[in-house]
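Enquirer: My questions will all concern the structure given below.
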Amino acid sequence: MSLTIKEIKEKLSRIETLEELHKHEANNDSRKGVINAIKSREKNILKQQALEEHYLSMNQYENNIMSSNRDALICGIDEVGRGPLAGPVVACAVILEKNHHYIGLDDSKKVSPKNRARLNQNLKENVYQYAYGIASSVEIDELNIYRATQLAMLRAINQLDVTPTHLLIDAMTLDIDIPQTSIIKGDAKSVSIAAASIMAKEYRDQYMRQLSKQFPEYGFDKNAGYGTKQHLKAIDQVGIINEHRQSFEPIKSMMK
């Protein structure tokens, strides 16, 4: 008696390589449901392989450092929140375990909210060290966004329980006595920076959701402080709060 299509799908789901899939006896089954199941599994295997290859490519900076110092404590640093009209800029500093394996890790802007939340939880439970640094909207107005971002990053590093031996930073340099590499679009090129990007994004989004409970009219839970139509309308109707950046346009002009 032949297996049902459901049973064949279950067997196919355990196959991890294209070679194994192409050799499977299900390829001799002419039923349309089985043919579609094989195609679907092939697509999923190819997708997983692409994720694995991308993950390996994102380890190049870490591997170069580790090749000369196997005991290096490599810290990835990234920030979230430079562009919004409200809320802090949040940085995260992350030191991954040596044998890390977080498939799907990428620039937080490229990861779906569901996968970002899953990765964030996995990272928080398994990384060697992580810490956050925040620069408030007041500090952003006083310093400018670039310097406030540097401040948030330095605060994150200083919150770690260990001192990193090398910093991998997304497109910035920091005034700190630790060897560092600044990488343009680093959150898409370094697994350590990508981890920091994910964790900073999740932390800031949660902060803005909490802020939205106090000030629901601005829609912070949906816009994260960016200048959406709803947000700008609320500013025009009820004014600003301390979390708004008064040095940012159009708020700066609206305050005159």
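Placed from the backbone N, Cα and C atoms, the Cβ positions cover glycine too.
What Swiss-Prot records for 72-256 is domain 'RNase H type-2', and it gives sequence analysis as the kind of evidence. What Swiss-Prot lists as divalent metal cation binding site is ASP78, GLU79, ASP170.
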Enquirer: When DSSP is mapped onto helix/strand/coil, what comes out for ASP78 (divalent metal cation binding site)?
Expert: strand
Enquirer: Among all chains shown, work out which of the binding-site residues ASP78, GLU79, ASP170 has the most CB atoms within 10 A of its CB.
Expert: ASP78
